[in-house]
Structures are given as C-alpha cells and as structure tokens.
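Noted in Swiss-Prot for the protein shown:
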BINDING   Glu114, Asp115, Val116, Ile117, Thr118, Thr119, Gly120, Gly121, Ser122  5-phospho-alpha-D-ribose 1-diphosphate binding site
BINDING   Thr118, Arg146  orotate binding site
Amino acid sequence: MNQPPMLDIFRSTGALLEGHFKLTSGRHSNTYFQCAKVLQHPEHLSAVCHKIAAHFSQKGVDTVISPAIGGIVAGTETGRQLGVKTIFAERKDGRMTIRRGFSVAPGEKVLVIEDVITTGGSVQEVIELLKNAGALIIGVGCVVDRSNGKVRLTDDQYAVLSMEVVSYAPEECPLCKEGMPIDAPGSRANQQP
C-alpha cells in the first residue's frame, strides 16, 4: 500500500477533511485526518496495521501501547498481528497515565502506536511514562505523520502515510484571521478551551 492509494482510501471513506480545524495539539490546520473513519473498516484496519507490524516484526516487541483514544484501535490491531500484549495510556487530571490494571515492567520492549502525529506531544508523554517505568522503547508507529518525518520521537519511527500538512499556531492562523468558523473534532476537543 503506497501513499497515493492510502490517500484514496482516506478520501473514499470521508476521513480526509478540509476546512478549519483545531488539532489535538492545539494548532490549527485546513486539513484533518479522521483515522477512525478508515480504521472502522476491517480490511483497511488490517492492511494499515500490517504495514506497521511488518516494519517492527523483527524487533522483539513485548508490548504495544497507544495513547487514548486515537491510537487504541491501530495499537490493538498491530499488537494482535504481532501476537503481543496491547495496552493504552490515558489522561487523568490532564496527565498521561497507565491505569486499568495495565503495567509495564523494567526491560520490557514496548512499541508505541498512534493514529496521527502532528507535534508528537501525546506520544512523547507516553515515551516519558515508559522511560520512568524502565521500559525499552522499540519504536513509534503511526497511521499518519503530518510532519513528513520532521517530528522525530525515536530512532525507529514508521508511518503508513507521511506528508507535510501545514498547521499554524492559533495566533498566526490565516483561517482565523479570515473569520472562518473552526471545528475541533479531536479526542481532546471537549477538554480544551
């Protein structure tokens, strides 16, 4: 699956949106990737996660972890394809935590899976949790890298679709200056002012 067919899948499923969006990172953009609309289809979910799993299959992964909520579906399927434990981290009181009886042991080889990387903030929070637990970060896999590889979180980072998509600090957003209404479809949209 190379990038043009992947873009076609995003378009055909209604997952590639155009307009004025507040991203989970807080930045603004005229393009939004709603990965859930792609990953809700088993054939797309399997194909996308197969690419990620194949990239990391020789790394000795013990566990896959994803930041909630966006990365959970891709993380679970990638873990299933690798045949390893799959967990997620979630926010409590504004901080990323590992809860619900999940745990990571010192020396455990962990792969972080996210749906979309823009600034890498959520993934970086998960990486810090893992480091504090003494885990070994094997790499980061994602469905979409909006930075086209400019945001580097680990030595081994893989994206199924990588392209540079412009984003703006809110105070520099030309769409705001034009008075265009903004939509905040991300998983933290209702948690941020």
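Each Cβ is built from the backbone N, Cα and C atoms, and glycine gets one as well.
Glu114 (5-phospho-alpha-D-ribose 1-diphosphate binding site) has a Cβ environment of 26 other Cβ atoms inside 10 Å.
Cα of Ser122 (5-phospho-alpha-D-ribose 1-diphosphate binding site) to Cα of Arg146 (orotate binding site): a span of 14 Å. The Cβ of Thr118 (5-phospho-alpha-D-ribose 1-diphosphate binding site) lies under 8 Å from the Cβ of Leu23, Thr24, Ser25, Arg27, Ser29, Arg146, Ser147, Val151, Ser167, each of which sits 6+ residues away along the same chain. DSSP gives Val116 (5-phospho-alpha-D-ribose 1-diphosphate binding site) a strand state. Report note: the 5-phospho-alpha-D-ribose 1-diphosphate site is defined by Glu114, Asp115, Val116, Ile117, Thr118, Thr119, Gly120, Gly121, Ser122, and the residues of the same chain whose CB lies within 8 Å of the CB centroid of those residues, excluding them, are Thr24, Ser25, Pro67, Val123, Cys142, Arg146, Val151.
The DSSP secondary structure for Arg146 (orotate binding site) is coil.
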